[in-house]
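Trainee: Mind looking over this structure? Questions follow.
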Amino acid sequence: MQPSSTLAPVAPIIFLAIAIAAINWIDLARGKGKQSVAYPLSLLTTLVLTAWFGMNAATGETHYAFANLVVIDPMANVLSAFCAAGLFVTLVYTRRYLAERDMFAGEFYMLALFTLGGQIVMITGNNFLTLYLGLELLSLSSYALVALRRESRVTSESAMKYFVLGALASGFLLYGISMMYGATGSLNLGEVFRAVESGRINTTMLAFGVVFIVAGLSFKLGAAPFHMWIPDIYQGSPTAVTLLIAGGPKVAAFALFIRVLVEGLLPLASDWQMMLVVLSIISLAIGNLTAIVQSNLKRMLAYSTISHMGFVLLGLLSGVVANKADGAADAYSSAMFYSVTYLLTTLGTFGIILLRTSKGFEAETLEDLKGMSRRNPWFAFLMLVMMFSLAGIPPTVGFYAKLAVLDAVVQAGMTWLAVVAVLFSLIGAFYYLRIVKLMYFDAPVGEEQLEATFGLRSMLSVNGAAVILLGLFPAALMNLCYQAIRSTLGS
């Protein structure tokens, strides 16, 4: 641990704030008659942040800033780099979609960068208030993005649902934080940990605080039964916004769980571990069983997300066995690996869906994917790779991610829970393979061909190659996650 008296550790966050202000000013100064420069400047910003956090991660150092409100450790650097890279890919995938719908404007890119800022603050927070600030920055930006097409009744309705339910979840989280503060007298995660570990705290207040905090966090992660917002928001939002919500925020939510439950409330593991067991089973059940009956593509992927968050929770709950955290690094790194690879696969999936859309046409139903292999065999193959990864079929990275989490669950002595997860995964494979069947064995609807620029084609190809190569050679990324988690647990 290295307390810092300079702003060097948080320089990337400051750079992002300056970049957002600069892009806003430049875009306003150019006026509406000229082409927006927000897109190339946003790409440049995300590239710089990816490289910056990546180089910081290579040092393996941990720094604290702003009176311990912020911690820049290897986990923060690695996850922030992936979030920035994920936004870069998202911006590339969504460019054509936005241009065809008159959404190719500066406000979209500034709000997207604000969501990235919220994710980074969530990942680097070392204080309940800092974490809440990052969460609200992400949430408020997301509300605005969902409502960006003001002329659409569907998106306006989705934004209102998102806002109301998000405010309710924030209230739950704040109430839980207030109870923790009342019991421990501090909002700093390290001080809360030591106060709870001392055993001199009112256990009733702590237990109620944990319940409200886990409920609030589960809403943000998208775990059942706090999942009500996900299907409606995924379906009602413009597909470009759906991708923004479905990707990086899930990685940041994982970091939020680690910061709060592991770094702050680990002595209460016996309380929150059983809560996560219940939440994970419900998420796997509702996500997989409900996705089967969906005909809307984005709604199906929404329920798919819920089931995947169940797997993330499985990794998180496996770190503590009989109140001992001996295998914590392995378990938490498996959940981190799962979150990162889920981001990678989600990007590829929605990238293909965005490619299938056109001006005046939204690829929203499963029927829209019929015969894709005849329109463009390469893009159909990439979609097949993404579906195999989401289903956990080798040799894709999704298979190894599920295997790593299941191994952690078994090592934690909960073999029965691993069996339940496998059974629901087998059920879930049906709706992923149904998409493959539609692409390869059904006749196409319409005559249009799938066309993409060289840049978009290259990005999708790299995305697909990464899903396969990381499935064949997962050791490097798994070791990166393990070292980051081990450093965080030891700091």
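Note that Cβ sites are derived from N, Cα and C of the backbone, with glycine treated the same way.
Taken from Swiss-Prot, the feature transmembrane segment covers 6-26, 103-123, 128-148, 163-183, 206-226, 238-258, 273-293, 301-321, 335-355, 379-399, 413-433, 458-478 (among others), and the record attributes it to sequence analysis.
Walk me through where these features lie, including what they touch and how far apart they are.
Mentor: Sequence-distant neighbours of the transmembrane segment (103-123) (same chain, 6+ residues past either end, Cβ-Cβ under 8 Å): 12-13, 16-17, 19-20, 23-24, 27-28, 36, 38-39, 41-42, 45-46, 49, 70, 75-76, 79-80, 83-84, 87, 90-91, 95, 97, 130-131, 133-142, 144-145, 148-149, 238, 240, 244, 248-249, 251-253, 255-256.
If you look at the transmembrane segment (335-355), the same-chain residues 6 or more away from its ends with a CB under 8 A from one of its CBs are 75, 79, 82, 86, 89-90, 93-94, 96-97, 239-240, 242-243, 246-248, 250-251, 254, 258, 297-298, 301, 305, 308, 311-316, 363, 379, 382-383, 385-387, 389-390, 396-398, 400-402, 404-405, 408, 450, 452, 456, 459-460, 463-464, 466-467, 470, 474, 477-478, 481, 484-485.
Residues 304, 308, 341-342, 344-345, 348-349, 352, 355, 369, 372-373, 425, 428-429, 432-433, 435-436, 439-440, 450, 452, 460-461, 463-464, 466-468, 470-472, 474 of the same chain lie 6+ residues outside the transmembrane segment (379-399) yet bring a C-beta within less than 8 angstroms of a C-beta in it.
Remote same-chain residues near the transmembrane segment (413-433) are listed as 277, 280-281, 284-285, 287-289, 291-292, 294, 300, 304, 307, 310-311, 314, 318, 321-322, 387-388, 390-393, 402, 405-406 (criterion: CB distance under 8 Å, separation of at least six residues from the stretch ends).
Packing against the transmembrane segment (458-478) from elsewhere in the chain are residues 89, 92-93, 333, 337, 340-341, 344-345, 347-348, 351-352, 355, 378-379, 381-382, 385-386, 389, 394-400, 404, 452: each is 6 or more residues past its ends and has a CB under 8 Å from a CB in it.
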Trainee: Which bits of the chain, at least 6 residues beyond where the transmembrane segment (163-183) starts or stops, bring a Cβ under 8 A of a Cβ in it?
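Mentor: Answer is 128-129, 132, 135-136, 139, 142-143, 192, 195, 201-202, 205-206, 208-217, 219-220, 226, 228-229, 264-265.
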